[in-house]
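Over in TrEMBL, the protein carries these features:
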type: DOMAIN; residues: 4-158; note: domain 'Glyceraldehyde 3-phosphate dehydrogenase NAD(P) binding'
type: BINDING; residues: R13, I14, D35, S127; note: NAD(+) binding site
type: BINDING; residues: S157, C158, T159, T188, T217, G218, R240; note: D-glyceraldehyde 3-phosphate binding site
type: ACT_SITE; residues: C158; note: active site, nucleophile
type: SITE; residues: H185; note: site 'Activates thiol group during catalysis'
Amino acid sequence: MTKAKVGINGFGRIGRLVLRAAIEKDTVDVVAVNDPFIDIDYMVYMFKYDSTHGRFKGEVKHDGGKLIVSATGKSTHTITVFNKMKPEEIEWSSAGAEFIVESTGVFTTIDKASAHLKGGAKKVVISAPSADAPMFVMGVNESGYEAGNHHVVSNASCTTNCLAPLAKVINDNFTIIEGLMTTVHAVTATQKTVDGPSGKMWRDGRGAAQNIIPAATGAAKAVGKVIPALNGKLTGMAFRVPTPDVSVVDLTCRLEKPATMDQIKEVVKKASENELKGILGYTEDQ
């Protein structure tokens, strides 16, 4: 089977982890990366060493202006590197890239992300929530994707990808009347290492390693977009906590159908072993 040819715009946290995932799963071929702020030597260094996820278990180097990444038992990715500021200037077609992961966090609307199509790309996946692009969460609503009409789509947020599959299982089996979600969220790059000024909420300027910071989240509202039956039924908030990785969502619901704890556990476990296998996990380990 021919692998999809993928390009990555933005070689930051998301972009580098997309490449790691692509190598590990070995189901797509990453052929191009664009980042105007990182030269190829620095790309090698940043990809090789990761303070959170550990050193890359493979080989990464560059040769002839291309990034070459390989791992034992996996396909070697020979990657064309671009350093363009504007998406429309990236010649994706010259590298054979057809599917673009837009992971800069900047071009998150259909209009802005569509600029990639001018360089020969066929489809764009935004790695963040979007104000107007169709939003898809795997295991929840990807069946609604229309290849002929959807050229720019959003993969929603990390919190939405955590919350939506669980909410779907609960709603499908017991019908959610209303719900409150709280996400306890690891720090992100937008936070301050020490106290500093913040243009929006003052508390957002507090040192990330020293504070638990209440924050807004659009995840509950986004679930209503991917599960229309839950539109307007969920609300929620976030707490940013001093951990570099691992976040959790706590979902409290009022249900239409009575349910015991064992019944809820049973349907979640069943879904994790069947239609949501590989997306939703279940464990009774403490």
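Count begins at 1; order follows the chain as displayed.
Each residue, glycine too, has its Cβ placed from N, Cα and C.
Automatic, uncurated: that is what TrEMBL annotation is.
Positions of TrEMBL features highlighted on the structure.
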{"residue": "R13", "record": "NAD(+) binding site", "DSSP class": "helix"}
{"residue": "D35", "record": "NAD(+) binding site", "DSSP class": "coil"}
{"residue": "S127", "record": "NAD(+) binding site", "DSSP class": "coil"}
{"residue": "S157", "record": "D-glyceraldehyde 3-phosphate binding site", "DSSP class": "coil"}
{"residue": "H185", "record": "site 'Activates thiol group during catalysis'", "DSSP class": "strand"}
{"residue": "T217", "record": "D-glyceraldehyde 3-phosphate binding site", "DSSP class": "coil"}
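Here the C-alpha separation of R13 (NAD(+) binding site) and T217 (D-glyceraldehyde 3-phosphate binding site) works out to 20 Å. In sequence order, the recorded positions near R240 (D-glyceraldehyde 3-phosphate binding site) (Cα within 10 Å of its Cα) are H185, drawn from I14, D35, S127, H185. Straight-line distance linking the Cα atoms of I14 (NAD(+) binding site) and S157 (D-glyceraldehyde 3-phosphate binding site), rounded to a whole number, equals 11 Å. Comparing the binding-site residues S127, S157, T188, T217 on other C-beta atoms within 10 angstroms of each C-beta gives the minimum for T188.
Apart from S157, C158, T159, T188, T217, G218, R240, the D-glyceraldehyde 3-phosphate site neighbourhood in this chain, defined by C-beta within 8 angstroms of the site C-beta centre, holds T183, H185, A215, A219, A238, S247.
Within 10 Å of T159 (D-glyceraldehyde 3-phosphate binding site), as judged by C-alpha distances, the recorded positions found are H185; the full candidate list was D35, S127, H185. The sparsest Cβ neighbourhood within 10 Å, among the listed recorded positions (R13, H185, R240), is found at R13. Using CA atoms as reference points, the recorded positions D35, S127, H185 were checked against T217 (D-glyceraldehyde 3-phosphate binding site), and the closest is H185. The Cβ of G218 (D-glyceraldehyde 3-phosphate binding site) lies under 8 Å from the Cβ of P129, S157, each of these being in the same chain and 6 or more residues away along the sequence. For D35 (NAD(+) binding site), the nearest of the recorded positions by C-alpha distance turns out to be T188; the candidates were C158, H185, T188. Model confidence over the domain 'Glyceraldehyde 3-phosphate dehydrogenase NAD(P) binding' (4-158) stands at 96, taken as the mean pLDDT rounded to a whole number. Under a cutoff of 8 A between CB atoms, and with a sequence separation of 6+ in the same chain, the neighbours of C158 (D-glyceraldehyde 3-phosphate binding site) are S247.
Residues S157, C158, T159, T188, T217, G218, R240, recorded as binding D-glyceraldehyde 3-phosphate, reach a greatest CA to CA spacing of 16 Å. The NAD(+) site is defined by R13, I14, D35, S127, and by the 8 Å test on Cβ atoms against their centroid, the other residues of the chain that qualify are I8, G10, F11, G12, G15, R16, L17, V18, V101, S103, T104, G105.
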